[in-house]
Amino acid sequence: MTEQPPPGGSYPPPPPPPGPSGGHEPPPAAPPGGSGYAPPPPPSSGSGYPPPPPPPGGGAYPPPPPSAGGYAPPPPGPAIRTMPTESYTPWITRVLAAFIDWAPYVVLVGIGWVIMLVTQTSSCVTSISEYDVGQFCVSQPSMIGQLVQWLLSVGGLAYLVWNYGYRQGTIGSSIGKSVLKFKVVSETTGQPIGFGMSVVRQLAHFIDAIICFVGFLFPLWDAKRQTLADKIMTTVCVPI
């Protein structure tokens, strides 16, 4: 018995042979007779992954999230502009701290002057005349005494720069202020003002001195107990 061909429209036609050189196969032709089979979608080029979604409105991609190990910068210290007067360091406490801070410098320079006076040399000249005999002596510092006095003076100056510049600018307190438990901070940030600004603050005390030292008395009546140098540098003294 001979086989009869299938009636038209029952089966889709066989797919065409693959194209040369590994090209993509063309989509199959539509089945005859409207059998209802839809052609498969064409394969995407490249790796076969779907394309990325379009960017959000405006055409800009959202910023990347922060790194897992990153730390946000710490907030600035609290401003202390509104503290009551009693919260600032009293004037007498600041005076006592100044005596403590300057004591090592005075001791070093004083030792240098004592050594220079003790080691000075004297030279005498005798004058003989017909009616009188006189002797004149002149004292002058020795080279060793002058050298020791100079070295101790430089050491005292280095101590002041370290104490009032580096130490006070870094932690807020010089030696005297640490003993009496208070510190110098910026009234806008509440933090120590740093080495350079601390040195400038000490130089600004010259203004307190040239007006007959009245600038040093300002903390007696000022609401924030500031000297003129404090007002210029926007610093205040507060207890630790």
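Cβ coordinates come from backbone N, Cα and C, glycine included.
What Swiss-Prot lists as region 'Disordered' is 1-78.
Positions annotated as compositional bias 'Pro residues' by Swiss-Prot: 1-31 (among others).
Taken from Swiss-Prot, the feature compositional bias 'Pro residues' applies to 38-78 (among others).
Among the features that Swiss-Prot reports, domain 'RDD' is placed at 89-233.
The transmembrane segment annotation in Swiss-Prot covers 98-118 (among others). Under 8 Å from some Cβ of the transmembrane segment (98-118) lie the Cβ atoms of residues 141-142, 145-146, 148-153, 155-157, 159-160, 163-164, 174-177, 179-180, all in the same chain and six or more residues away from its ends.
The transmembrane segment annotation in Swiss-Prot covers 142-162 (among others).
For the transmembrane segment (203-223), same-chain residues at least 6 beyond its ends with a Cβ under 8 Å from one of its own Cβ atoms are 85, 88, 90-91, 94, 229, 231-233. Per Swiss-Prot, the feature transmembrane segment maps to 203-223 (among others).
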Arithmetic mean of per-residue pLDDT over the domain 'RDD' (89-233): 94
